[in-house]
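Novice: My questions will all concern the structure given below.
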Amino acid sequence: MRVIIVSGRSGSGKSTALNVLEDNGFFCIDNLPAVLLPELAERALLHTELLEPQVAVSIDARNLPSQLKRFPELLAEVRTRYILCDLLYLDADDKTLLKRFSETRRRHPLTNENRSLAEAIRDEGRLLTPIKDLADLKIDTTHLNLYQLRDTLKLRLLNKPEPGTAFLIESFGFKKGMPVDADLVFDVRCLPNPYWKPDLRDFSGLDQPVADYLAVQPDVEEMYQDILTYLQKWLPRFAASNRAYVTIAIGCTGGHHRSVYLADRLGQALKQSLKNVQVRHRDLC
């Protein structure tokens, strides 16, 4: 049996996550009181004919603060029952969350006459710290639209064919911000940039003309070999420490050429020795 716990600040995409999971066969429960988590797990094990073998629940700041403080012990109790349990935490920066609430005109669950929206967003983050600190997977949705978030959730949560650590090699552009959920970040902005070649500018790092150009650049090849050697040595150590998810981010200026080329090439190479290797290009439209 598999249980996915979805948490995060309001406006970060929890409802979207539950919808994606429900569309893919999960029995979903929104706003579950945290104290009921062990009971739900026990009932699911005893009555498999009543519940799907895959269950997703959201637990967030709508819980009582006293229940949120107990979350670590409640999660540990569930995991002692030998249930595969993943904890997903979604978040975005304060400015983005403020904008989303302004656009949807929805009321934040913690706002009242004495607490502004900005204060509610900050307070919610503090309340959810016991959950965030235990998250197996953190996804920053600041730069993701609805469709990108759905694709990311499918990639990270549903495209995991074998047990063990899921590795994500992600390209990105620094001009749109560094991914805050990355475990390892490699800056490749020092490499020759195809953007300054007029005949290559409109291509991406996945296109053959750009790949051919970068493949013959000595610095690019040296950077690739150095990163690959590092990852081949240390990623198995991450897996041995029982990490559920590891994100490796490769960044260039715009996230279209150098980082895309290297992320794709690294992903293909790592798939030869590691299971569950995925590649994603964050800023490639």
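Note: Cβ is positioned from N, Cα and C throughout, glycine not excepted.
Feature annotation from Swiss-Prot assigns ATP binding site to Gly8, Arg9, Ser10, Gly11, Ser12, Gly13, Lys14, Ser15; the stated evidence is sequence analysis. Taken from Swiss-Prot, the feature GTP binding site covers Asp60, Ala61, Arg62, Asn63, and the record attributes it to sequence analysis.
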Novice: Can you give me the same-chain residues 6 or more apart in sequence from Ala61 (GTP binding site) with a CB-CB distance under 8 Å?
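Specialist: Same-chain residues close to Ala61 (GTP binding site) (Cβ under 8 Å, separated by 6 or more) are Arg9, Ser10, Leu68, Pro109, Leu110, Glu124, Leu127, Leu128.
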Novice: If you measure Arg62 (GTP binding site) to Lys14 (ATP binding site) at Cα, how many Å is it?
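Specialist: It is 13 Å, counting Cα to Cα.
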Novice: Rounded to a whole number, how many Å is the Cα of Lys14 (ATP binding site) away from the Cα of Asp60 (GTP binding site)?
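Specialist: Distance between the two Cα atoms comes out at 9 Å.
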Novice: Any idea which of the binding-site residues Arg9, Lys14, Arg62 has the thinnest Cβ neighbourhood at 10 Å?
Specialist: Arg62
Novice: Check the DSSP secondary structure of Lys14 (ATP binding site), expressed as helix, strand or coil.
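Specialist: DSSP call for Lys14 (ATP binding site): helix.
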Novice: Tell me, by DSSP, whether Arg9 (ATP binding site) is helix, strand or coil?
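Specialist: For Arg9 (ATP binding site) - judged by DSSP and reduced to three states - the answer is coil.
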Novice: How big is the Cα-to-Cα gap, in Å, between Gly8 (ATP binding site) and Asp60 (GTP binding site)?
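Specialist: Rounded to the nearest whole number, the Cα-Cα distance is 6 Å.
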Novice: Taking the Cβ of Ser12 (ATP binding site) as the reference point, list residues of the same chain whose Cβ is under 8 angstroms away and which are at least six residues distant in sequence.
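Specialist: Set apart from Ser12 (ATP binding site) by at least 6 residues yet with Cβ under 8 Å, we have Leu90, Asp91, Ala92, Leu97, Thr141.
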Novice: Taking the Cβ of Gly13 (ATP binding site) as centre, how many other Cβ atoms lie within 10 Å?
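Specialist: Gly13 (ATP binding site) is surrounded by 24 other Cβ atoms within 10 Å.
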Novice: What other residues of this chain sit with their CB within 8 A of the center of the CB atoms of Asp60, Ala61, Arg62, Asn63, the recorded GTP site?
Specialist: Asn31, Ile59, Leu68, Pro109, Leu127, Leu128
